[in-house]
Amino acid sequence: NMLYMVIVPIIPDYIAAMRGGGGTAGPSAPAGGNGSGGGNRSLLPARYPPASGGNEDVQIGVLFASKAMLQLLVNPLSGTLIDRVGYEAPLLAGLAVMFLSTATFAFAENYATLFAARSLQGLGSAFADTAGIALIADRYAEEPARSRALGTALACISFGSLAAPPFGGVLYEFAGKRVPFLVLACVCLLDGLLLLVLAPPGGTGARANMPVGTPIHRLMIDPYIAVVAGALATCNIPLAFLEPTIANWMKDSMGASEWEVGLTWLPAFFPHVLGVYVTVRLAAAYPHLQWFYGALGMAIIGASSCLVPACRNFGQVIIPLCGICFGIALVDTALLPTLAFLVDVRHVSVYGSVYAIADISYSVAYALGPIVAGQIVHTMGFAQLNLGMGLANVLYAPVLLFLKNVCQMKPSHSERNILLEEGPKGLYDTIKMEERKG
């Protein structure tokens, strides 16, 4: 997630420099130089991408969205593959592709190479993100350990997303374009080596004895999973749509300085971690209210989104942004374990495909954000964008009532139905079928 966001303060200025020999990423962005360090670069560009509709703006928007677009296309395949081969090998493959993508970013000299690197990042994330979350759900099969482990992962996701723009901006200004990417490439390499030590792919024969996972198309039409996927997509729309637009709005409406624009989202990391902690503790004490924590989070996101246009200075705008991230933490931390539980009780306990569906939900929001958000602001206005996003979250919150009785489902009933409906497919299923008959 640091790799996903670290390009925000780097690429617009770098593309302008490639095209104009030291141009700017937009009218209000300072001079950029040639990417070798120095110059008065902002921590976060004023235009990511701007809504002026120029060719360069379109290029930047497509570049930022290409990662989520390819991830959206690859996720159905990656989820199916993970279900078939296990979690460790796809996770290692995803890390390897992300390492290659990061190194390519560091040495890219033209737009085509940048686009290829960004698309490679989406391919790697489709495997690494899905396999990583599925591996956690598989290794921590019981509550509250599963919620606690997934909550830890979500806190790290938040840190990577929110800390990356200032991290990339500072290193870009003082060390040049390549250094942020080389640092993250080393992190990818270290992570891959640790995976080989702790969970080597093919290290055990456990995968051969596991059941065949439910196909992803059947999971998609499960109404409970569909409700969760819709909530995950809806709650992430404000974050995905504000990231490309809030910098311009802050400069135009409140005359925000470069450091204020660069640090807009960083304070939101702390309420996000607080939201994860609170939800994990509440889920441990009252596990039957997971749907309510998600609905409450969506209501908070909706109210916070509506408050953003009313802010008049940097201190004020931090408050609703913190509310949005706090609400997202409630929704994600409550509903990601719910997906695993739904698979346990209604399908087969293999998690690659169901977390591929979750990744698709996120990717829908982040694929649309860099391209659509600027056009909405340009045609309708920033206030209307936020009111629409807030209303969508508030209206979706009651839909989570559909999940109210999920905790009362029993896994044995569903597993028996799955086995009787599809028939035995291997030794594991045959043994289970004989047990049921007995």
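Placement of Cβ uses the backbone N, Cα and C atoms for every residue, glycine included.
Note that this is a predicted model, so its numbers are computed, not measured.
Taken straight from TrEMBL:
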type     : residues : note
DOMAIN   : 1-408    : domain 'Major facilitator superfamily (MFS) profile'
REGION   : 26-48    : region 'Disordered'
TRANSMEM : 89-108   : transmembrane segment
TRANSMEM : 149-167  : transmembrane segment
TRANSMEM : 179-198  : transmembrane segment
TRANSMEM : 219-242  : transmembrane segment
TRANSMEM : 262-284  : transmembrane segment
TRANSMEM : 291-311  : transmembrane segment
TRANSMEM : 317-342  : transmembrane segment
TRANSMEM : 354-377  : transmembrane segment
TRANSMEM : 383-403  : transmembrane segment
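The largest share of C-beta pairs under 8 angstroms with the transmembrane segment (149-167) comes from 262-284, of the ranges 89-108, 179-198, 262-284, 291-311, 317-342. As a quick check, the transmembrane segment (383-403) and the transmembrane segment (262-284) miss the bar of 3 or more Cβ pairs under 8 A, pairs 6 or more apart, so the two do not touch. Long-range contacts of the transmembrane segment (219-242) within the same chain, counting only residues at least 6 positions beyond its ends with a Cβ under 8 Å from a Cβ of the stretch, are 294, 297-298, 301, 304-305, 308, 321, 324-325, 327-328, 331-332, 335, 338-339, 342-343, 346-347, 353-354, 357-358, 360-362, 364-366, 368-369, 372-373, 376, 385-386, 389-390, 392-393, 396, 399-400, 402-403, 406.
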